[in-house]
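Annotated in TrEMBL:
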- Cys321: active site (ACT_SITE)
- His380: active site (ACT_SITE)
- Asp403: active site (ACT_SITE)
- Asn443, Asp445, Glu492, Glu497: Ca(2+) binding site (BINDING)
- 1-11: compositional bias 'Basic and acidic residues' (COMPBIAS)
- 313-406: domain 'Transglutaminase-like' (DOMAIN)
- 1-32: region 'Disordered' (REGION)
Amino acid sequence: MSETTSTEKQKKPLLNGRRALPSNNSNAEENEVPEVEVFGLTPRGFNPKDYLHVVDIHLFKEPYEINKQQHHTDKYYSPKLIVRRGQPFQIQIDFNRPYKPGTDQFWLEYLIGRYPQQNKGTYIPVQVGDELKPGEWGAKIIHKENNSIRLSVMSSATCIIGKFRLYVAISSPFGIFRTRRNAETDTYILFNPWCQQDAVFLDDEREREEYILNDVGVIFHGDVNDIKLRSWSYGQFEENILDACLFLMDKAELELSGRGNPIKICRVASAVINSRDNDGVIAGSWDNSYTYGVAPSVWTGSVDILLEYYSSRQPVRYGQCWVFAGVFNTFLRCLGIPARVITNYSSAHDNNANLQLDFYLDEEGKVDTKTTKDSIWNYHCWNEAWMSRPDLPVGFGGWQVVDGTPQETSDGMYRCGPTSVQAIKHGHVCFQFDAPFVFAEVNSDIVYSRREKNGAQVIEKIDMTHVGKLIVTKEIGSDGMMDITEEYKFQEGSDEERLALETAVMYGVKKQITQDTVYHPQTDVDMDFQVQKAILGSDFKVTITFKNKSQNYYSATAYFSGNIVFYTGVTKSEFKNHTFNVTLEPSSSSTFDVVIKSSEYLGELLDQASFHFFVTARINETGKILAVQKATVLEIPMLHIKTQGEMVAGREMFAIVEFTNPLNQTLENVTLRLEGPGVLRTMKKDFRQIPANSTLTWEVKCTPKRPGLRKLIASLNCDALRHVYGELNVQIQKL
């Protein structure tokens, strides 16, 4: 007796004294539902089989059947029924005899989680009536034949997102009979951008095709002067990905009753995508060291990452901003929230969110790396999710910034958003969540200053246009680039831009130039430089131009600094410095070339072949300093993909990947990856060596599953060479 009691105590969930039931925050957990609920005493000889009972339930859940076709869920590789909320779907119930509407009474029950409650939306009894009300739970009979009836079932447009268990309950004079627990009738309910009452409703069909149904995208990277793009396989319809995405909400311990709200889902997901607080999906690494994991540049899509996390429950190593954004995009599209990946070129990481990136110069005009803490990322990727914002004033719904890359904490966790893009544009940074941080990412000024011997801080230059120079995303329906800078900010220098900035300052964004600073820039001499486009492994030059617009003779001492940098703008090492003197004739221009040899940079180079060049010059006659900085990236060789055999769904074909090593050195421990949603799951192959200037060929056999325009994506990775990609569009025919 005592043993039983102690076991029961162990099984009982912990209560904390504040609530009658424990938290209901796991979609995976279930409660036991009784098959028979008896009303009082049952008469002798009572046999439940004498009454109406269910023989079978048909959910029309095949991809070609009505439900998945009408709900745009036919692409999900899942044998279960997947529908979108606020839209009717059909089920058929076979009884043991013909259904009699006058005397027989039955209803449906949808349950989610371990502690279903009707007032929390986790226990939903659905009565059969004469008509369906838009956006509200209900069912009506649309066809009767022999022992079968067909129902049209409407779900609520605010319904919880997740996997529901379905029971059919039948009332008799002596009790309620239910169908047995049957995993085959589990029903997934998702957000519905096609439904006007849904918070994620999007009224443009082309946008829905792109931001919900497209499972391959393009992510832009590189530098504002040398934009590069790579394809990314989102794979939101692949096998087990929906379950993996639902698990993320369990991992974040989001109460089930809050899972119908896209704002709450985005907020918790931006924290669980990274591993900083709660062992979330991806561990970030920005130091070029990827021990016990793989370099972020290896990944070609989200599927491998999500499936590895779902099975191991451990953070997947490693990611950087585009990986966090790619996986977050998969999560959002999979659940039915319209989403896209955004790239912000020259993105400010402003440590104290004062709209000011401080670069400190020493007396000679060189950047003081010890005191300069702020950084400018060559680019930074985040996501936008589409939803209404009933928690904000009218007009601030639509695209919302959400960011899974761990940069700063928000409410004690590494997360960011959802932040209204419209609020950022107009400077309304008082609206939740994290608007001041996002505003600073696209609007900060760069301030170059120098401290004199008497302690006074002299501002040498303020650059108001460098940060947030270009904000882009993939075009709808093509792999082109769409410039969306004007969705985030008004034109530089316009009255509207100044008003937005003043509004942001009024709402508490710090912007000040300290009191003891003096700012008198040199306005009659301009300095700029251009970097020659170059292929990795070759020499190139940097051309510096001075323009004297005055009638004065000037002389200057110029300092050139070449740095190997992480794409986050953080310097790894200075690989070249060069000081030279300049004579500036009145009303004239002068140019100077600095040659960069491959031998100077190859041994130091990082992942993305990123350089950061600083040029500063002190005008000897006035003591004023000119300063310009630019990031640049080298051209990295491509992988080439071709196919062999007929490209027909269900038939065998070959994909061939080719790569020529452009370096004058042997590449060692090389890994190739190839994937293509609907064509083949990720394949990997290791090569011990690729000799200098030699070509490697890898042939992969595959059987496409889905017809239509598909994409093959390949990556190559080794210590000496990363961010090597290739892609190929393939048209798969029907059998």
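Using N, Cα and C of the backbone, Cβ positions are placed for all residues, glycine too.
TrEMBL annotations: computationally assigned, not manually curated.
Note that the structure is predicted; figures quoted are calculated from it, not measured.
Recorded features from TrEMBL, shown on the structure.
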residue	record	Cβ within 10 Å
Cys321	active site	28
His380	active site	27
Asp403	active site	30
Asn443	Ca(2+) binding site	24
Asp445	Ca(2+) binding site	20
Glu492	Ca(2+) binding site	11
Glu497	Ca(2+) binding site	17
Cβ-centroid neighbours of Ca(2+) site Asn443, Asp445, Glu492, Glu497, 8 Å, sequence order: Met464, Thr465, Val467, Gly468, Lys489, Leu501
Spatial neighbour of Asn443 (Ca(2+) binding site) that is closest, considering only the active-site residues Cys321, His380, Asp403 and their CA atoms: His380
Rounded to a whole number of Å, the separation of the Cα atoms of Cys321 (active site) and Glu492 (Ca(2+) binding site) comes to 27
Do me a favour and check the Cα-Cα span between His380 (active site) and Glu497 (Ca(2+) binding site); whole Å is fine. 22
Round to a whole number and give the Cα-to-Cα distance in Å for the pair Asp403 (active site) and Glu497 (Ca(2+) binding site). 24
On the DSSP side of things, how many residues of the domain 'Transglutaminase-like' (313-406) fall into helix, strand and coil, could you say? 15 helix, 41 strand, 38 coil
